[in-house]
Ligand SMILES: Nc1ncnc2c1ncn2[C@@H]1O[C@H](COP(=O)(O)OP(=O)(O)OP(=O)(O)O)[C@@H](O)[C@H]1O
Ligand SMILES: O=c1[nH]c(=O)c2[nH+]cn([C@@H]3O[C@H](COP(=O)(O)O)[C@@H](O)[C@H]3O)c2[nH]1
Ligand SMILES: NC(=O)CC[C@H](N)C(=O)O
Ligand SMILES: [Mg+2]
């Protein structure tokens, strides 16, 4: 089996699923599957998602319980996905959600057919309590009202109860809205407890994971740090060196700090100043990482190289390619230099590993089960750096969601301001200047951006906003400055609110605030004739301009 962090032998240091009680979520391709994992993590229960086709024989750990997700298919269709039947012999509690419940019913008696109508949206659930020797079936709904508001999204239905099952909930349109095995810990629900529209969804998930599966609620970042440091040490050994690209963003900083904690100066962080960073960014990152966090960081000033390559280029995709490729070239050059410099020192040892700040959403994206009918979402991942390199990947954050990375950062003593920083794209200001990038334009954007962010901070709005920045429009506009005609730059300000960066709304500033920012930019940034505020949401726009 392929394991995280490039380890393929049998002596791999234990991953979280071996160290923490784990609820396994088997994915049938629902848009909400990852939310099941998120809800469990919020309950401090470790959970991992795998495709529904996972063979149990290939799993070298045992989950405390299994959740079968929803999915866009119909279980009775010839090409429908099914779980490994061994799942039902593993003797751990199972909860089927929507398609997952239909899968249970199909497995135990082919009792699923197309419904007369699709049910989509809010539904009223009526819970049926049992007593006596069947009372164990009530455990899933313990603490819930007899009538609950839930959220449904299905077209198929159970046509009959499988043998030895009993009804635990109904709705107007779904007589089998909840089912449970009379003796075993097997449950199915037609609604989605993982979406917030299902009011008591979290209670239900907790009932299943904690009360039924007996999973420990010990997944905390404090516990993770110690385990992860031990894992990194075991993986890297006591000689090898590790390099990593660090941008000053949250993910790479947290990963770097963790790495430093684990192996000290055998970790080398490299930051590339590509000439399109924020004002004084390289200097500040150097200070924070070296002095603040004790991480060994080299800043490579390649700004002239990048700006030279970008000269005359105005196509956005070309800009991105040039920047991406040059990153790789520089990184490879640096890897060689580090190995050469260490050769005759106490640190001598091969540079064997490359650190990457991959997060769990990137992993989910690559493991989720997607059939022909499911939509594929677009996804940003600069990553890319190590592909062409002769190094093994080490990804200490690959099991974590962004909010967990932030918690981890705080528990590692990374300053609050850095942990809560807005994301900043690898191609930087180059994709915030429409058209050709020049040193002069970069200067204008950097200064305007600095003022905008300063004012946002002063107004106490920084944390309310997910991402904010200044950009430069193509062309020039006419203005008047002190009786003189000015043919100057057009700055656009952008600020958005979003939870996942897949959709976003423009932030609604007070007019007074925008005026203040406009005044400061007009007065302090030479050559700016106009300041605009961009209000397009995503979609149809994207967050960046290019
Ligand atoms: N200027 C840079 N120098 C070195 N590495 C970089 C630079 N810019 C980006 N990277 C690498 O690309 C990765 C992806 O960038 P990305 O912006 O997605 O993450 P981040 O910067 O770590 O965090 P954040 O999303 O908060 O900005 C970084 O983790 C880092 O490894
Ligand atoms: O590291 C990065 N390299 C990139 O090439 C890149 N493009 C967009 N972004 C960031 O992704 C989020 C969504 O941006 P878009 O709506 O513009 O696609 C926003 O947070 C963007 O800043 C990038 N980050
Ligand atoms: N959301 C789901 O899991 C839907 C399951 C199945 N495709 C149905 O329509 O009933
Ligand atoms: Mg970044």
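Cβ coordinates are placed from backbone N, Cα and C, and glycine is handled just like the others.
Features as listed in TrEMBL:
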type    : residues                          : note
BINDING : 247, 248, 249, 250, 251, 252, 253 : ATP binding site
DOMAIN  : 219-421                           : domain 'GMPS ATP-PPase'
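In sequence order, 246, 254, 255, 256, 357, 421 are the same-chain residues whose CB sits within 8 A of the CB centroid of 247, 248, 249, 250, 251, 252, 253, the residues recorded for ATP being left out.
Around the Cβ of residue 250 (ATP binding site), a 10 Å sphere holds 24 further Cβ atoms from the protein chains shown. Checking the binding-site residues 247, 248, 249, 250 against ligand 4, the ones with a C-beta less than 6 Å from an atom of that molecule are 247, 249. Here residue 248 (ATP binding site) comes close to 271, 281, 284, 285, 288, 289, 418, 424: these same-chain residues lie at least six apart in sequence, with C-beta atoms under 8 angstroms from its C-beta.
Summarised as a single figure, the pLDDT of the domain 'GMPS ATP-PPase' (219-421) averages 86.
Long-range Cβ proximity for residue 253 (ATP binding site), meaning a same-chain Cβ under 8 A and a gap of 6 or more residues, is found for 246, 288, 289, 293, 409, 414, 418. Filtering 248, 252, 253 by Cβ distance to ligand 1 (under 6 A) retains the following binding-site residues: 252. For the binding-site residues listed here (247, 249, 251, 252), the lowest count of other CB atoms within 10 A around the CB belongs to 249.
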